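S.K.: Here it is, the structure in full.
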Amino acid sequence: MAAVFPTWILIAALLFEAAVVMGSFPATLKLERKIPLASNELELNQLRERDRLRHGRLLQSSSGGVVDFPVMGTYDPFLVGLYYTKVQLGSPPREFYVQIDTGSDVLWIGCNSCNGCPQSSGLQIQLNLYDPGSSSTASSVSCSDQRCSAGLQSSDSGCSGQSNQCSYTFQYGDGSGTSGYYVADLLHFNSILEGSVITNSTAPITFGCSVLQTGDLTKSDRAVDGIFGFGQQSLSVISQLSSQGITPKVFSHCLKGSNSGGGILVFGEILEPNMVYTPLVPSQPHYNLDLRSISVGGQVLSINPSVFSTSNNQGTIVDSGTTLAYLAD
């Protein structure tokens, strides 16, 4: 679910078994339909276990270790139409289900005073509201706080002189929106360092406490507790943990394309040797790709390449929060 940005083409990462990794590699990415032979398809738990061993050897040159998250949901819009994970926040820790979204930057959770937050979910999951007052480690983010200034630079934050509370408003490409205020609290996770799993790790992070939701976010059929933004701005969780030396500023999102869904989400790099990479367009607010052409059944479509060029009002982005691929006319 991309934040509002005049982009003409969205490539939904949900359509492909792929990984989104921050970085730049001089290669051409060929997107094609793939029907793997069962004998050649690695189970995700095998891939995860192999990467755990490699992480211990290869990622120690980067800061920190690796954080592994479970992935639920599927690409199928008639079943779920989104991928989501669980995060633990606060003291004592509580679990929240959040949509994995590379098209936005901030983690936010519906709060106990929320207007428009769904009360139940058709995904058969238990929805929870975050209550800052019930967490002994929660604190508010004031207008003078440096973290609020970071949000102001990306035009997401605002300040009320009466409350001195750093607030935010997000609008998404589907017309839905949320607003609330920033809080700081502990994120609980298991990290992988030098090949060993370290449990009960914590880190202070800043995230959104949503008090208002509009549009599709109010619907209960596919409701989750919030959105986990994986963008590049300083308030994204991946940026916050990297700045604290806990994880490298790299994440991998491997999506299982079958109806059973699932996949892998790690703060760190999936080290699969057969992975194909494509460079990202630098200095863009989203993960932009340099799309060159589109072919159907081996036939290159007659489209002017200028349609795909990246500028202030157009481009091609990878967005795990979008179910379908959207193309310009």
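Cβ from N, Cα, C; glycine included.
Just so it is clear, the model here is predicted, and its values are computed rather than measured.
So TrEMBL lists the following for this protein:
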- Asp101: active site (ACT_SITE)
- Asp319: active site (ACT_SITE)
- 83-329: domain 'Peptidase A1' (DOMAIN)
- 1-23: signal peptide (SIGNAL)
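What's the neighbourhood like for each of these?
M.R.: Cβ contacts within 10 Å of Asp319 (active site), excluding its own Cβ and spanning all protein chains shown: 27.
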S.K.: At the Cα level, what's the spacing in Å between Asp319 (active site) and Asp101 (active site), rounded?
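M.R.: With distance taken Cα to Cα, Asp101 (active site) is 7 Å from Asp319 (active site).
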S.K.: Within 10 Å of the Cβ of Asp101 (active site), how many other Cβ atoms can you find? Include all protein chains, please.
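M.R.: Looking across every protein chain shown, the total is 26.
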